[in-house]
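Here's the feature list from Swiss-Prot:
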type	residues	note
DOMAIN	1-40	domain 'Chitin-binding type-1'
DISULFID	C3-C18	disulfide bond
DISULFID	C12-C24	disulfide bond
DISULFID	C17-C31	disulfide bond
DISULFID	C35-C39	disulfide bond
Amino acid sequence: AQCGAQGGGATCPGGLCCSQWGWCGSTPKYCGAGCQSNCK
């Protein structure tokens, strides 16, 4: 599911990070630069 600006402001389940592209994940690619929510 999409999150952040691309997902209408939605956050990710389970505390996952929302990447700059609006996708949920737990790796630095998602949690690092550009992260939109639940960032590390």
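Cβ from N, Cα, C; glycine included.
Could you place these features in context, so I can see how deep they sit and what lies close by?
Taking DSSP states H, G and I as helix and E and B as strand, the domain 'Chitin-binding type-1' (1-40) has 10 helix, 9 strand, 21 coil.
Taking the Cβ of C31 (disulfide bond) as reference, residues of its chain lying under 8 Å away and at least six apart in sequence are, in sequence order, C17, G25, N38, C39, K40.
Other Cβ atoms within 10 Å of the Cβ of C35 (disulfide bond) number 18 in total over all chains.
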Give the residue from the disulfide-bonded residues C12, C18 that has the most other Cβ atoms within 10 Å of its Cβ, counting over every protein chain displayed.
C18
Indicate the candidate from C17, C39 with the smallest number of other Cβ atoms within 10 Å of its Cβ, considering only these disulfide-bonded residues.
C39
